[in-house]
Amino acid sequence: MPPTGLIAVNTEDCERCSDDYEDEYEFHASVCVWTRYSDGTVKLRNSNIELMDQDILYHLALGSGSHDLQEMFGDVKFVCMGGAPKRMENFAHFIMSEIGYKLPAGTKLEDISAYSYRYSMYKVGPVLCVSHGMGTPSVSILLHELIKLMYHAKCQDPVFIRIGTCGGIGVEGGTVIITEEALDSHMRNAHEFTILGKTVLRPAKLDKKLARELKALASEDDPYDTIIGKTLCTNDFYEGQGRLDGAFCEFSEAEKMEYLEMLGSKGVVNIEMESTIFAALTYHAGIKAAVVCVALLNRLNGDQVNAPKEVMHEWQNRPQTLISRYICKTLAQKGQLKSLSRGSIKSPRRFKLVQQESQAHE
C-alpha cells in the first residue's frame, strides 16, 4: 500500500525519475505527485506561495509581480552554480561559446541579480549561471529562491549542478571529483535542519544516473583524472575539516591524520562545505542534481593551498569543461545545439578558402 497522502505511480512509465529511485517508493511518488505538474513544470511543496499576491525573491532582486519570470526564465534547462561571482561570470562566457549562443547585437551579458548585492546571476539561453557564496546557509537561501524561480517561470524538468573546489583525500590537486554521496560531519547521507525548534533530518541524495553520465564524458585525452566518490560536507573550513592552521587547534597532527585516513577508508575522497544542503534541497524538490568539484590539494599532504595562481585557474576550469560537455550533449540530443557551421558561417566554401589562405601566411 502507498504511504498516506501519496498516489501510486508506475515507475516504468515515468521518464522524469531516475532508475536509481525505482525502489524508493516514497521519493518516486513525491517526485511525480508533489513536485511536478503533468507537463513537467515544477510544483512547490508549499501551498502558501500560491495564495500570495506577489512572491519577492529578495536575495535575487526579482519578484513574481514585478518581473515576467516565465518570459525571462521559462526556457531554462540547466542551473549551474558555484561559490564565487567571478567564477560564474567566467563560466557564463565559456558556456556561451560552447553552445554557440549569441547575444543580440550591441548587448552584453548582464548580472541579473546585481541589485541584490548578494548573488550574481547570468543567463545564457537555457543555462542559468549563479554564484552561491560559501557554506550551507548561503546555499540554502539561494536554493529556496531558485526553486521558487523555476516554479514561477514554469521551467520543465530543470537540472541543477554545483561546480566547486574542494580538498582531496588521497587524490592529487587538479583531480575532478563527481559526488556520489554527500555526507555530513557525522557521516550521515543527510542534512540536519532545525525547524520551529525541532531537528529535521532530510536525505541528501544526488542523482546517481546523472553522476554516471558525467563520468562517461571524461576524456582519455584529459591530462587529469575524473573520479566518482563520497564527499564530506562540513560547517567550517578550519577545525571542522581537521586543519592545523586555523586560529584555534586543540588536536594533534596525529589525530588529524587518523581522522582523514578514517574518512578515506569509508570512501570519502573530498571535503567541501555545500554538498549536503545542495543535495537535500534538490532531492526534496524532486530536482535532478549533481556536484562536480576539483581538488585544490591532497589533505593528506598538508592544509594550505600552495599551487600557483595560473595553475589554480586552469584547475578550476576542469569541472566547467565536464559540465559543458554534458550540456552540449543534452542539447544536441534534443536538436537544440547551435552549430558554428550553421549559425555563423554564411558560405562553408568561402570559409574553407579563408582558412586555407590564413594557413598559407603562417
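Even glycines carry a Cβ here, placed using N, Cα and C.
Annotated features, as they stand in TrEMBL:
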DOMAIN    77-327  domain 'Nucleoside phosphorylase'
BINDING   ARG118, ARG162, ILE163, GLY164, THR165  phosphate binding site
BINDING   GLN241, ARG243  substrate binding site
**Prompt:** When you measure from the Cβ of ARG118 (phosphate binding site), how many other Cβ atoms are you left with inside 10 Å?
**Reply:** 16
**Neighbourhood of THR165 (phosphate binding site), C-beta criterion under 8 angstroms, separation at least six** = GLY83, GLU272, CYS293, VAL294, ALA295, LEU296, TRP315, GLN316
**Request:** For each of the binding-site residues (ILE163, ARG243), count the other CB atoms lying within 10 A of its CB, then report the residue with the highest count.
**Result:** ILE163
**Prompt:** Hey, how far is GLY164 (phosphate binding site) from GLN241 (substrate binding site), Cα to Cα, in Å?
**Reply:** 17
**Message:** What's the number of neighbouring CB atoms sitting within 10 A of the CB on GLN241 (substrate binding site)?
**Reply:** 22
**Prompt:** Taking the Cα atoms as reference points, how far is ARG243 (substrate binding site) from ILE163 (phosphate binding site) in Å?
**Reply:** 23
**Asked** Taking ARG118, ARG162, ILE163, GLY164, THR165 as the record's phosphate-binding set, what's the max Cα pairwise distance in Å, rounded to a whole number?
**Response** 20
**Asked** Between ILE163 (phosphate binding site) and GLN241 (substrate binding site), what C-alpha distance do you get in Å?
**Response** 20
